[in-house]
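Trainee: Below are the features listed in Swiss-Prot for this protein:
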- 15-25: motif ''HIGH' region' (MOTIF)
- CYS147, CYS150, CYS160, CYS163: Zn(2+) binding site (BINDING)
- 336-340: motif ''KMSKS' region' (MOTIF)
- THR339: ATP binding site (BINDING)
- 584-686: domain 'tRNA-binding' (DOMAIN)
Amino acid sequence: MIQNPKRYTITAALPYTNGPIHIGHLAGVYMPSDIYSRYLRLQGKDVAFMCGSDEHGVAISMKAKKEGITPQEVIDKYDGIIRKSFVDFGISFDNYSRTSAKIHHDTASEFFKKLYDKGDFIEEVTEQLYDAKADQFLADRFVVGTCPKCGNEEAYGDQCEKCGSTLNATDLINPKSTITGETPIMKSTKHWFLPLDRYSDFLTKWILEGHKSDWKPNVYGQVKSWIDGGLEPRAVTRDLDWGIDVPVAGAEGKKLYVWFDAPIGYISATKEWAAREGKDWELYWKNEDTKLVHFIGKDNIVFHCIIFPAMLKAEGSYILPDNVPANEFLNLEGNKLSTSKNWAVWLHEYLEDFPNQQDVLRYALTANAPESKDNDFTWKDFQARNNNELAAIFGNFINRVVVLTNKYYEGVVPTPNKFSEVDEATLTELKAYPAVISSSIERYRFREALGELMNVARLGNKYLADEEPWKMVKTDPERVKTQMYVALQIATALRVLCEPFLPFTAEKLNKMLKIDAKLSWNDVTTNSDLILAGHKIGEGEILFAQIEDEQIQKQIDKLEATKTANIAENKKAEPQKELIQYDDFAKMDLRVGTIIEAEKMPKANKLLVLKVDTGIDVRTIVSGIAESFSPEEIIGKQVTVLVNLAPRALRGIESQGMILMTNLPDGKLAFVNPDVAGVGNGEGIN
């Protein structure tokens, strides 16, 4: 762990440009990295916060084929969507680059060539899966099969998303091509491998011995499991038609494996930024006084803690990450987030339904971040976080301070009189919070840090509630000047301390308090007058509006519709029954009828007792449809009735027929009935 670094290089996992960004990405990677970077800048630190679009690999080619466009068109489309989402949610990258950029192609090629020239790769001809029908080798997501470790039948050729294991395509049991559905054959091909086994001792000493106390247990444990299991050579090239060409002779048709080229994207993004800003990029990657931190999700731990460090060690001139604070996964309403199944809250769609409420989502995701275990996002919790915390605690305090200052002093910060013991204690407690919040942030405990920020707002609310300036203004207006001065110091401190977490709120507070000077993090502790007497503040505005039940129900309904659609898509039709003769069918007397009465069967949850006009009579039919319909809503409904079914007693009532039904995707029943009006009761169906 580096003590007192001169600069910080912060990286956030490169998002893959085959789809938009959802709340899982934001909670797992981009919120914590943004909070950390913003906090460091408020400390006056030299920060390079780097990210960019990951634009190579099999998933891009697959998306292009699915959408009927070129890979370049795919990455251009989603790079634009992703960039906008990051801007919309205030993710403060110093540079957001692209791995399709020339500077990245050059950087990745040079990196590979240096290791190649040093003899760090193993060149080997191996047997790989090959789709003869598509005339293509099957790497990564071009092949699915059964995971040899957990039995998941939908594991990919590079990773099992169920158990998180990193795989080779040849590890899969019963592999199938995702291009044609064919069973692949084995075919020889030449590739280059990074011999990870050579770096086992280095990784053991560096991580298992050197970072046991400061790396998160979930990260340390996964890395230890990998090392203890024995590291093996890892391919760094692929047989693909999209990506960075392998820059050596005899490598025609080969591309750099996306997980070799992608982390180098952090370096090329830094080069691009440094050239633009007139800085020396090497200081941020090759200087021992620089602290390098990778923010990722748990599915990327092996790449950032084993493969990329081995690459950096092999190259020889780069620093190693000081920490890799990977998060676990965020689930949605009890189910795993899934882009393919549209089980997600997409950032661009969120803003359509909750305009200008970016900080509410930032808050809810940070408060419930999956820092040490998988966590669940629910819309009810989102609503409660806004209404009961942001609005009721934070927003309420700011509103009272601004309203009372404008009411009593026409918006001018009053000159305080002598501080009471309560005032002194409150201001002393306030000055302690920056260090408390810093301690949490610097240990990557962002949930804990956010909780301490809210305690500052609670401190302000308690101070006002105990002091009651709205009552005292009638009896001791001079005392109220001091009370409001203290409250305004807390409000200004909140403006500074909330910026890493709630940047849009911080900007609103700038306008409300008319703060022009750039206050630093440590000013809250060292500066006794964060906002000066005589300073005129602005008018108040509602920071956090109440989120109503109807808004939340709309989101829940949207997810239910998605769930229903997924059930329908995945549901397989029942196999055809045995053949019957026409005479068997002709025996059934099917007629149109109308339900004229309906009531629930006593002591039965599923049964309704119906009176049905069949055109030939009015008869009683007991039907198991009570879980799909209420009696009131089906009176007058036309239905299809099997009228010559032998009567059958159900709970003591004789049922004299059967009504034809079918199933909807959500499991409810639906009537099979005429699709036009005017069909009379008793009309036959044949």
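Quick reminder: no glycine exception, Cβ is built from N, Cα and C everywhere.
Small disclaimer: the values here were computed from a predicted structure and weren't measured.
Provide an account of the burial state, proximal residues and distances for the features listed.
Mentor: Each residue in the motif ''HIGH' region' (15-25) has a pLDDT score, and their mean in this model is 95.
Using a 10 Å Cβ-Cβ cutoff, CYS147 (Zn(2+) binding site) registers 22 neighbours.
Same-chain residues lying 6+ beyond the ends of the motif ''KMSKS' region' (336-340) with a Cβ under 8 Å from its Cβ atoms: 19, 22-24, 329-330.
THR339 (ATP binding site): 15 other CB atoms within 10 A of its CB, across all protein chains.
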Trainee: What residue among the binding-site residues CYS150, CYS160, CYS163 has the most other CB atoms lying within 10 A of its CB?
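Mentor: The residue with the most neighbouring Cβ atoms within 10 Å is CYS160.
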Trainee: Do me a favour and check the Cα-Cα span between CYS147 (Zn(2+) binding site) and THR339 (ATP binding site); whole Å is fine.
Mentor: 21
Trainee: Please report the distance from the Cα of THR339 (ATP binding site) to the Cα of CYS160 (Zn(2+) binding site), rounded to the nearest angstrom.
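Mentor: Their Cα atoms are separated by 16 Å.
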Trainee: Taking the centroid of the Cβ atoms of CYS147, CYS150, CYS160, CYS163 (Zn(2+) site), which other same-chain residues have Cβ within 8 Å of it?
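Mentor: Everything else in range on the chain: PRO148, LYS149, GLY151, ASN152, ALA155, GLU161, LYS162, GLY164, SER165.
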Trainee: I'd like the per-state residue tally for the motif ''HIGH' region' (15-25) from DSSP, helix first, then strand, then coil.
Mentor: 3 helix, 2 strand, 6 coil
Trainee: By DSSP assignment, list the helix, strand and coil residue numbers for the domain 'tRNA-binding' (584-686), in that order.
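Mentor: Looking at the domain 'tRNA-binding' (584-686) with DSSP, the answer is 7 helix, 44 strand, 52 coil.
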